[in-house]
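Take a look at the structure below.
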Amino acid sequence: MKTIGEFNAAHGPEAIGLTDLTAVHWNLEAPRLYEEALRRGEAQLARGGALVATTGSHTGRSPKDKVVVRDAGTENEIWWDNNGSITREQFATLLEDFRAHARGKELFAQDLYGGADPAHRVRARVYTELAWHSLFIRNLLIRPERGELAAYVPELTIIDLPSFQADPVRHGCRSKTVIAIDFAQKIVLIGGSAYAGEMKKSVFTYLNYVLPGAGVMPMHCSANAALDETGDSALFFGLSGTGKTTLSNDSSRKLIGDDEHGWSRDGIFNFEGGCYAKTIRLSRNAEPEIYATTERFGTVMENVVIDPLTRVPDFDDATLTENTRCAYPLDFIANASATGRAGHPKNIVMLTCDAFGVMPPIARLTGAEAMYHFLSGYTAKVAGTERGLTAPEATFSTCFGAPFMPRHPSVYGNLLRALMAEHGVDCWLVNTGWTGGGVGTGRRMPIRVTRRLLSAALDGSLAQTEFRRDPYFGFSVPVEVAGVETQVLSPVETWTNKAAFAETATRLVTMFRENFKRFESHVDADVRAAEPVAAPIAA
């Protein structure tokens, strides 16, 4: 077996049972990975320097194909209502078949960290059969110093072989696509999908499993902090496509990270060393920081259509998918934190993409309301972020990230509420979805409105304004905010048909109440009392 690059020879691929490989390319950096990806025909070069790859039929995650080994160690630890399972014997067969499939292949390996806090990070080694996948995960996770590689010993191992086709009968999975996790052996197997996001979310799922036991709250959120001496940090919870990346990229604040973080007794820390931003309809004017990364060498663009002659990207072209993405190192953002860490947050923002158009653009939540809405996780799945999803769909994704939460939501909810109370955190619910009507009749909330409201929330001025009680949801909504049309703050005023608004709001309230029944036995009375009411209450 030929080896290229630096690694700890005492902990090579044989340790995980990968033998008879043609070659392993270890810890290659962007220039070499560009060469390999282009030589193999895996990707194209865009004008500006980004590497552009397509993922075939899988243009989003495949959550229904994700399974966890179910055994004595996980039986009472995993939320099985939300996680698929396979037996230990089925996983053993799958692993052996992965090893057999890899024989004779050239693989790429990256030794990386998940977690900017050394006390709570995981050493993740990722084997891929595609060179561009190796660059993707190198961009997304935290890269060790070169001098650390010779002594690097992996804790978590991910093997990503898109050309592997699972056998549902033999392997106990749902289809030819499989994402299988064995928490005991600390192995993740990804087969049948070239969608690169599966790798980063596998690391996230692993951290979501192990960190609560150490008293650390893992979160599907972005984070930023003030540039001044206060360094006040803020968290932005939200499902993919609701605005976490866009809204945390604010030139007036320091970016901590765009997607995955932990909250420990020492403050918050990024799980990653890069960003994975949606690029569909990306605008140089609206999102200049993200746009600039698409014109840099080292960025990976996924399923972005480029002109065959000029190689200029067309960010408005959704021919391949709505879920077009770019992956780049965090230091491509000028105001990004060099450490990936910050103090305890002063504000938490829960982003919801309201597909019905009846929720206000911003509301202030009490501690009980915050836990209610965190466990509810109301939003819309945005087209393209999951395979087969072509239009926004109202959904409840608990913890604003149900596909990545292996434990019961109450584990994360109780951690969050305790940390919020301990550190006196203000919580805001922000609707980045529709206003003036639902999908098809209304319009998306203007990003300038959202940014203005967030600015007021984060600088403390919004908390000092006058609030009214929302007649359906009960939370506090500002009456007036400088720079924002008063009508927008009251959703009913943006609808032409007031009766249709009342009917739609009541329908959504009913959905909230039905969804929360599964959590009622896991929360206190004040959280149960925070749920919306079926009939409007006095404002």
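Sequential numbering from 1, following the chain as shown.
Including glycine, each Cβ sits where the backbone N, Cα and C put it.
Source: prediction; values computed, not measured.
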From R61, R452, R468, R469, the one annotated by Swiss-Prot with Y195, K201, R325 for substrate:
R61
Determine which of D117, D160, D259, D266 appears in Swiss-Prot for the same Mn(2+) site as K201, H220.
D259
Going by Cα-Cα distance, which of the binding-site residues (G238, S240, T242, K244, T246) sits nearest to R61 (substrate binding site)?
S240
Relative to the mean position of the Cβ atoms of K201, H220, D259, the recorded Mn(2+) site, which additional same-chain residues have Cβ within 8 Å?
K200, F204, S240, E260, G401, F404
Here are the binding-site residues: R61, K201, K244. Which has the lowest count of other Cβ atoms within 10 Å?
R61
What binding-site residues among Y195, G238, T242, R325 are found with a C-alpha within 10 angstroms of that of D259 (Mn(2+) binding site)?
G238
Can you tell me how spread out the ATP site is, meaning the largest CA to CA distance among K201, H220, G238, L239, S240, G241, T242, G243, K244, T245, T246, E287, R325, T450, in Å?
27
In Å, how long is the longest CA to CA span across R61, Y195, K201, R325, which the record gives as the substrate binders?
15
